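This report concerns only the one structure given below.
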Amino acid sequence: MSLTVADAVDYKGSPADKSKTGGWVPATLILGIEIVERLSTMGIAVNLVTYLGGTMHLASSNSANIVTDFMGTSFLLCLLGGFLADSFLGRYKTIALFALIQTMGTGMLTVATSLPQLRPSPCHRHDVNCQPANGFQMGILYLALYLIALGTGGLKSSVSGFGTDQFDEKDDKEKAQMAYFFNRLFFFISLGTLTAVTVLVYIQDEVGRIWAYGVCSVSMFIAIIIFLLGTKRYRYKKSAGSPIVHIFQVIVAAIRKRKMDLPYDAAMLYESTSTPEAMTIQHTQEFRILDKAAIVTEGDFEEHASCSAPNPWKLSSVTKVEEVKMMARLLPIWATTIIFWTTYAQMITFSVEQASTMERTIGNFQIPAGSLTVFFVAAILITLALYDRIIMPLWKKWKGKPGFTNLQRIAIGLVLSVIGMTAAALAEQKRLTVAKSVGRNTSTLPISVFLLIPQFFLVGAGEAFIYTGQLDFFITQSPKGMKTMSTGLFLTTLSLGFFISSFLVSVINKTTKSNATAQGWLADNINYGRLDLFYWLLAALGVINFAIYLNCATWYKPRKPISAIPMETLHNGYGAEDKC
């Protein structure tokens, strides 16, 4: 057995020694960064709406939009982080840099919540004379939040990849450890979220936000130091370049030749002669406009000292074109999963605001409104445990298959989200009935907050199915060299789901406020609004989306990932005539 890892180096650039690098010790140091990132991001997000409304005196709809825009930007910036890691910095430097940026963001948020000059004078936000935060105060808050979002995006793009870099896929023992690492990664994500929505939210409400956010900042700083201590133990893999660049190369080449006619025989399209037959992807008839990128014309090859090589912006091989087609086939499924995350966004915005108006005491202890999302996290963990221990064995006995397919899991998640929104609408109708009977200005309504548990539990169970289904789908159905890209594509569904939530809230506000005195569905005081109608709208959109999803899932023909060609091979060249 080789004592070195073929495709990895140590911190000096020498071949990585298995006995001195990689394995569980450095992987654990990387997981430490992930748990602190989850602690910070979720601890801030789930309780931010109460701070914006109660301290900054913003309207309910504005508060919800700020939270969803913050979360949406965090996931969208994963694409930026992945691009920088693949093209310039590498995963190690990307993690270190963006962890430092997140530390700066949480530190600034700590200062913003501690200085009286950075928040408006205390008052009841429903009082007509209550002044909301001014532009300068909101500017500092925005700067802190989006520094955190930038840090989150950079970290999420590289943590899982750098963690798996510590294991050698060609070693059976380390390959098994890699699978175990993914299980631990999801566990650490859940553990960080659970700690955030319980301990950290309690500290925010009962001790002070300055202490809670200070804990986030100090914890990340300590995690960075621990991470850097493992520098000599890590394995580093050289990137083959960003898949985004390869995709654009195919698109640009196809656009350049858009007026040309395709040959009658696909065999006349360009393909590298050095690529092993088992690694090539056979030509397909879909998205034929992209095939034009593989038409050979004069000037496509560039002369070098001893050989000629194709200009990748002018000529692409059939395999490269087919890889882009594979990514294009994912888009209909990608688009029809976005609405789930719009539903998810309500769990950390309006659902938290609902909880803040309801009876939350157990004996002498008052449950923080933001901590109600613990039922959301619990639903995820319980659902995953039931699926692994009960559903999968029974399904295997009945159908002979080791569980639901990724598309089936996505479908289950979409259905549960619709049921969850239905439960949320019914619960809100009950809450509004109580508010109307006792007075809409009552600060704490005589109705138990546990009425909201079904909506948290149903959407949480839905996330357990759709998150694992999406991740499995995008990884297994994408080319091998585009796994990072496909993971980023998956994370953009979360991002767009949050942004669509913000868009819907803005549209609902404009259309339901008929005049200056009308409160609209999403009133500043939700006791005067019709949040139930907003939930019914989301449930209806979920039903329509599910119908479209079924058509897309029926249209999609799963492709065996074995046919995908590693992008590293493509990057290194296409044959003797291509290499220099």
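Glycine residues also receive a Cβ, built from the backbone N, Cα and C atoms like all the rest.
Curation does not apply to TrEMBL; its annotations are automatic.
Owing to the predicted nature of the structure, the values given are computational and were not obtained by experimental measurement.
Feature annotation from TrEMBL assigns transmembrane segment to 70-89, 96-115, 135-155, 185-204, 210-229, 330-347, 367-387, 407-427, 447-467, 488-508, 533-552.
Panel annotation: around the transmembrane segment (407-427), residues 333, 336-337, 339-340, 343-344, 346, 351, 354, 451-452, 454-455, 457-459, 461-470, 472-473, 532-533, 535-536, 538-539, 542-543, 545-546, 549-550, 553, 556, 558 of the same chain, lying at least six beyond its termini, place a Cβ under 8 Å from a Cβ of the stretch. Put simply, of 185-204, 210-229, 488-508, the stretch with the most CB pairs closer than 8 A to the transmembrane segment (330-347) is 488-508.
Contact counts against the transmembrane segment (447-467), taken as Cβ pairs under 8 Å, peak for 367-387 among the stretches 210-229, 367-387, 488-508. Between the transmembrane segment (367-387) and the transmembrane segment (135-155) there are fewer than 3 Cβ pairs closer than 8 Å, counting only pairs 6 or more residues apart in sequence, which means the two stretches are not in contact. Residues 29-30, 32-33, 36-37, 39-40, 43-44, 95-96, 99-100, 102-103, 106-107, 109-110, 113-114, 200-201, 203-204 of the same chain sit 6 or more residues outside the transmembrane segment (210-229) yet have a Cβ under 8 Å from a Cβ within it.
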